[in-house]
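Chemist: My questions all concern the structure below.
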Amino acid sequence: MEKRELIHHEPVLLEEVLKWLKIEEGKIFVDGTLGLGGHSSAILKRAKEDALLYAFEWNEDTLKLAEENLRPFQGRVKIIPKNFVYIKEVLEKEGVLADAILLDLGLSSFLIEGSGRGFTFQKDEPLDMRMSLELELTARDILNRFSEREIAEILERGEVPRATAFARFIVQKRRIKPLETTFDLVSVVKEFYRPLKRKEKDLLAIVFQSIRMEINRELENLEKALKDLPEVLRPGGRLGIISFHSLEDRLVKRAFKNDDRLLNLTKKPVTPSPEEVKRNPRARSAKLRVAERRC
Ligand SMILES: C[S@@+](CC[C@H](N)C(=O)[O-])C[C@H]1O[C@@H](n2cnc3c(N)ncnc32)[C@H](O)[C@@H]1O
């Protein structure tokens, strides 16, 4: 499929984000996960004429597509080709505090469907899973070169069932033939977990997710952002984070509850309406939590 055909990614919880982040009132915004620019475009449409958006994106191909999508907003957006862990550094250099910061974690439809980097178990692609080519380690490296114990730890962190025994099985299998593609990993999962106690898709999703999280240091990046971002919010400024699984949501929930710099505004997370889930099944597991910087 052509990359251009994959340019669409429906932003999740869009109206909720615009409302909770009080976009109409602010001037300086940060989108830490630009993706194809769905949330960013909507923020710029809703914001005042003199608003400025700093948009961070780590994936090189996504950046090119996003630049095109954000062309109508030239002059009101600064696209920054970096990991969102650099938000604090960049804003401090610019000498600004943000009125609102958004992180929409995880993968875009483009990364899943069009990147060719092995993010989905539904296509046979090389076992890569790097969001950015800045990273060196690939899924192939982990599965074929890491020790049994290291693999078990990665699977355990991702809450994969029977992680230790599954790691042992991977090591046995790779002695016969190295795992090269996503379908090689799918076969190993299916063989090990048969007869399946959970839905096959859920099991594959959790195995793929645990490896992807390790490669992209996803939980570490989120932890650093949770520590840094309150420092670059103006008093009364808002931080909104959309997560898609419990490991991320747990970190956000804990930080918003315990951080003295923040007032937790969403005791329960904001979730998509049944209409949104019907229109966009990817939104199914989305949870938005919002906190405000105390004065
Ligand atoms: C769920 S998508 C965002 C979609 C976007 N909100 C939209 O409406 O188009 C997440 C995006 O964040 C990017 N990303 C993930 N982790 C990142 C990080 N640590 N720093 C910067 N970008 C990241 C991914 O490459 C992906 O494009």
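Positions of Cβ are set from backbone N, Cα and C atoms, glycine also.
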Chemist: Starting from the S-adenosyl-L-methionine binding annotation in TrEMBL that includes GLY37, GLY38, HIS39, GLU57, PHE84, which of ASP50, ASP99, ASP104 is the extra site residue?
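Modeler: My reading of TrEMBL gives ASP104 as the candidate in that site.
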Chemist: Take the region 'Disordered' (267-288) and count its residues per DSSP category (helix H/G/I, strand E/B, coil), listing them in that order.
Modeler: 11 helix, 3 strand, 8 coil
Chemist: Near the Cβ of PHE84 (S-adenosyl-L-methionine binding site), how many other Cβ atoms are there if near means within 10 Å?
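Modeler: Here the count is 25.
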Chemist: Same-chain residues six or more away whose CB lies under 8 A from the CB of GLY37 (S-adenosyl-L-methionine binding site)?
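Modeler: GLY37 (S-adenosyl-L-methionine binding site) has long-range Cβ partners ALA55, ALA66, ASN69, LEU70.
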Chemist: Minimum Cβ neighbour count within 10 Å among the binding-site residues GLU57, ASP104: which residue?
Modeler: ASP104
